[in-house]
Amino acid sequence: MNYISTRGKAPELGFEEAMMTGLARDGGLYVPGDIPVMAKDEIAALTGLSYEEVAYRVMRPFVGRTFTDDAFRKLIAMAYAGFDHPARAPIKQLEPNQFLLELFHGPTLAFKDFAMQLIGQLFQASLSRSGERVTIVGATSGDTGSAAIEAFRGLSNVDVFILYPHGRVSEVQRRQMTTPTEANVHAIALEGDFDDCQARLKDMFNDHGFRDEVRLAGVNSINWARVLAQVVYYFTAAVSLGAPHREVDFTVPTGNFGDIYAGFVARRMGLPIGRLFAATNHNDVVNRALKSGYYDKNAVIPSFSPSMDIQVSSNFERALFEAYNRDGNAVSLLMEDLSLHDGFKISQGALQMLTDVFGSGMTLESATLERIKRTALETGEVVCPHTAVGLDVAVRKARRGIPMITLATAHPAKFPDAVEEATGKRPPLPSRMADLYDRPERVTKAPNDLAALQSLIRGRIDT
Ligand SMILES: *Cc1c(COP(=O)(O)O)cnc(C)c1O
């Protein structure tokens, strides 16, 4: 399997190189040269298998010869061993035809663990083979950072630097990043918002001298391996509700478009997904783009669902690449418009391709709290604010007779303030992390400045 850049001007890479590289050298994102299709009987055969076995069968064709079959199975087993639910991604029914896919049973309580725990294993296997050392730098709106730190803490051939927007993550998110004591973990509070963190990260990748000097590696959802790991739970969920013999729809709380794009890949692989609905909070650039054909970015306004407070939705580029029939030049021009003019216009044909698959909806703050409250009253389920944004859209978009599955992207205890405001009760942390509030924090503040960040990183990896 070879991987190509969405901007068409970077070298083709194999799975392992694409995973280690992160962002392509032309500024694009890597995608598979072609997406393998699973036959109907292969999908039917997934029914009743363990999460790990489904993961193996779904991901195997994408990985090529990077790992032997046996080694890949073992890495998957280790990745999910730390989850506290035997189903890994259990599904719950809320009302007729409305289902919740719980993706928060991993070590840091958000869906990011599904990809990050696996990437941790894959990186470690690959680096111990090559004897190389890498510097991982990640940008986070809260959950990616904690999941990455959890996956890479203490590994001998990796330093991990996480840039998060100062003052804009929840206390639980922050503490998950600042309390690990391992010397290879570096939490950096950047003076800016998430888009600033992501922009400085991209600047570092585009500074090829720096990139090579520190052996920069990326674990944001620009990394194809992240997306791949997330394809799996679309399969387990759809199959448990009758796929391949029955169509299902999904609603996905969306920020950077990585999670929903994984659903798109599952659909391309032959899983009978009807529609994929992107649910946003008031930072609704994706919702507006899908409705109007104009992607125009605004300032980020903080919300109850901070992991979706984004205006530059990186993985949207991968969907555009498909909508423009894999024309890297066309995508490059759009991205140039985005960086010069803060927006771009999607062609009529491409918009048609996008909206054939993707629908969208936006949930305002008051409706988010109302949805948390109502879901708790009616079903007993306490959901996080991101999940509530999704559920509110799912209820509006559900189609008669077609199961609607909403991705429950985080555990409510990760966002206790919003949940308490909605329900009057503070959701408790799972007992294994009950002492999170007592552990000492370690964090470095940094300005929103590329040179300053680069010298900070150089200084830390020298020692
Ligand atoms: C990351 C995250 C999202 C958004 O996912 P994207 O892949 O960035 O669209 C939604 N909810 C939670 C809890 C998250 O951590």
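Any Cβ shown, glycine's included, is placed from N, Cα and C.
Summarising the annotation, TrEMBL assigns domain 'Threonine synthase N-terminal' to 2-80. The domain 'Tryptophan synthase beta chain-like PALP' annotation in TrEMBL covers 101-331. Look at TrEMBL and you will find Lys112 tagged as N6-(pyridoxal phosphate)lysine.
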For Lys112 (N6-(pyridoxal phosphate)lysine), the number of other Cβ atoms found within 10 Å of its own Cβ: 32
Confidence summary for the domain 'Tryptophan synthase beta chain-like PALP' (101-331), mean pLDDT rounded: 95
For the residue listed as 'N6-(pyridoxal phosphate)lysine', the three-state class that DSSP assigns: helix
Helix, strand and coil counts within the domain 'Threonine synthase N-terminal' (2-80) (DSSP): 37 helix, 7 strand, 35 coil
